[in-house]
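Engineer: Marked as domain 'ABC transmembrane type-1' by TrEMBL: B:84-274. Feature annotation from TrEMBL assigns transmembrane segment to B:24-46, B:88-112, B:124-142, B:148-166, B:211-230, B:257-277.
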Amino acid sequence: MELVLADIEVVYGKRTRNHAVRGVSLRVRRGETLAVVGESGSGKTTIAKVAAGLQKATSGTVAWQATGDGGVGGGPGGSPARRQRVHMVFQHPVQSLDPSWRIRRSVKEPLRYLGMADDEAERLVRRLIAEVGLDAQILDRYPREVSGGQAQRVAVARALVADPEIVILDEPTASLDQTVRGRILTLLADLQVRTGVGYLMITHDISSVRRLATRIAVMYRGLIVESGPAAAVLEDPRHPYTQALISAVPVADPRVRWDGVVALPRHPDGTLAVTSCPVPGSCHEHGPGLHEVGPDHVAGCTKAVDPQKAATT
Amino acid sequence: MAVVDAGAALRGNLVSRLRVGNPAAVVAFAVLGTILTLGIVVPFVAGSGDVAQEYDGLLPPSFDHPFGTDRFGRDVFLRCMAAARIDIALGLAVAVAVLLVGSLIGAVSATFGRGVDAVVMRATDVLLAFPGVVLALVITASLGKNPWYAAIAVVIAFIPLLVRLARSKALEVRSADYIAAARLSGASTWQIATRHVLPNSFKYPFVQSTLVASWAILDFAALSFLGVGVQPPDAEWGAMIAEGVGDNLLGSWWPSFFPGLMILLTAASFQVIGDWLDRRLR
């Protein structure tokens with residue numbers, strides 16, 4: 001199964017009409033990881049909520065398309081009653097677990113609603129807890145009695161216990177220590193190989209994108225400005241914003257900078273604020289649009305077709 | 001079930017926390033415990049002594065009759081203790097009923113959102129527009145003179161208060177990540193309201209309910225005082241005050257003073273306990 005978001009627009013406030021997302025289309029398949037990257041306010045968390053069904057889009061559609069790989073509602077191996085379509089791992093692990101519930105109950109919750117018998121559910125919960133590298137003792141604890149890293153492992157176990165098609169990872173490592181962060185990413189990668197789950201990962205952390213992503217979509221001001229295979233986007237970023245984002249990590253090319261990324265003025269028609277763009281072009285006149293810049297690789301910059309010019313300005 | 005879970009979580013904390021020592025709370029528990037114990041033991045030992053007219057009327061307090069006797073020759077101490085059982089049980093029962101119903105309605109109202117919430121809030125607005133005693137009086141007057149109706153009336157009068165409190169807390173809880181997670185786990189809105197929102201917003205209504213117990217005793221006594229609650233010859237503090245008021249004017253202060261003292265001690269104890277819980281659980 002494939003989760004398909006088409007032309008999603010989200011507008012907050014009836015009066016203020018604050019466009020959080022302005023026409024975003026993306027798809028996530030089982031077995032792959034789509035990383036949506038961007039700074040705070042780019043609309044990436046809103047996209048996560050819409051994809052999870054926690055929030056309604058102002059316009060656009062969220063749909064599931066069969067891909068013939070045996071997902072919910074048919075195909076070999078997919079027993080519909082036992083499966084969920086989507087679950088989520090949140091940024092703050094401890095807050096994503098009900099403080100008055102023992103961990104066992106939280107992890108078991110998806111199975112209960114699927115109508116699974118308790119002994120079978122218990123077996124599955126124990127298996128998942130072992131798979132995320134925790135001791136079964138933790139099942140009897142309350143969320144306040146475990147560390148952030150442990151809580152995030154619990155959250156991962158809960159997200160995967162009902163064998164979902166897609167798990168949405170909303171900044172899954174942002175609130176964790178550096179050392180724990182790496183281990184959680186390794187765990188997520190392992191589990192994907194084992195279960196074939198698809199990830200929609202929302203993050204601003206380029207290093208976790210490098211670890212996990214198969215595809216990348218870069219969001220800026222509610223628009224996808226570049227998307228493509230992870231390797232292509234990371235090695236050959238075409239949009240100046242993507243280049244700036246990647247250069248923000250220490251290893252990057254110091255020549256490429258986007259000054260004042262945070263303080264960019266808002267452009268009325270929703271295109272990039274070209275006044276601070278290092279590659280001024282005709283973008284502001286007719287909107288950027290997305291141009292094919294490589295196989296399955298698109299970027300929303302009129303100058304993006306010419307990588308040399310974009311990179312060196 | 002969820003409520004029981006929260007109760008268990010609270011209990012472990014409370015017992016250890018009382019030991020830490022809060023003199024006022026210890027006194028309050030002692031006063032309440034004493035009144036309740038006497039209320040259970042004394043009528044049991046004295047049989048129907050609280051309604052028996054076997055002494056001279058209006059005897060002042062003495063060794064034989066620590067609270068004196070009323071105009072019908074009934075022992076005021078016995079009557080006060082017989083009434084203690086009724087009044088304290090009523091206070092607790094009202095508090096529990098108001099707590100359960102109020103916090104459930106509050107949690108449901110907050111979780112289901114706009115439509116349901118608007119209806120519930122307007123309904124509580126209407127009920128809150130009347131002072132509690134007046135509302136209870138209207139309800140009892142229309143239902144008939146009966147202590148059960150009076151108790152129900154007091155419950156109805158206090159529910160909106162708890163609904164408001166529970167709802168405001170539930171609104172905070174509703175936006176928590178674990179609610180979103182529960183939704184993704186497949187919980188229905190009702191399941192979210194009862195299993196997640198209610199237990200996690202229960203603490204504040206729980207504290208408030210001890211204050212409700214104290215107010216309920218006052219209101220119930222007021223209803224009986226006005227003649228629509230407990231009926232003579234049964235003993236109830238408010239009803240006893242009403243009976244003794246006339247004697248008070250003639251210099252026999254004890255038939256109305258002691259039940260009044262009982263109300264004061266009991267209500268104040270519940271207030272102090274509520275205050276202590278509030279500070280402890282915050």
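Residue positions begin at 1 at the first shown residue.
Keep in mind that glycine also has a Cβ here, set from the backbone N, Cα and C atoms.
In TrEMBL, annotation is done automatically, which means it is predicted and not curated.
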Engineer: Answer yes if the transmembrane segment (B:24-46) and the transmembrane segment (B:124-142) have at least three CB pairs under 8 Å among residue pairs 6 or more apart in sequence, and no otherwise.
Structural biologist: no
Engineer: State the residues, same chain only, that lie 6 or more residues beyond the ends of the transmembrane segment (B:148-166) and have a CB under 8 A from a CB inside it; answer 'none' if no residue qualifies.
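Structural biologist: Hits for the transmembrane segment (B:148-166): 90, 93-94, 97-99, 101-107, 109-110, 120, 123-124, 127-128, 130, 132-133, 135-137, 139-140, 201-202, 204-205, 208-209, 212, 215-216, 219-220, 223-224, 228-230.
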Engineer: How about long-range neighbours of the transmembrane segment (B:124-142): same chain, 6 or more residues beyond its ends, C-beta under 8 Å?
Structural biologist: 149-150, 152-154, 156-161, 163-164, 215, 219, 222-223, 226, 228-229
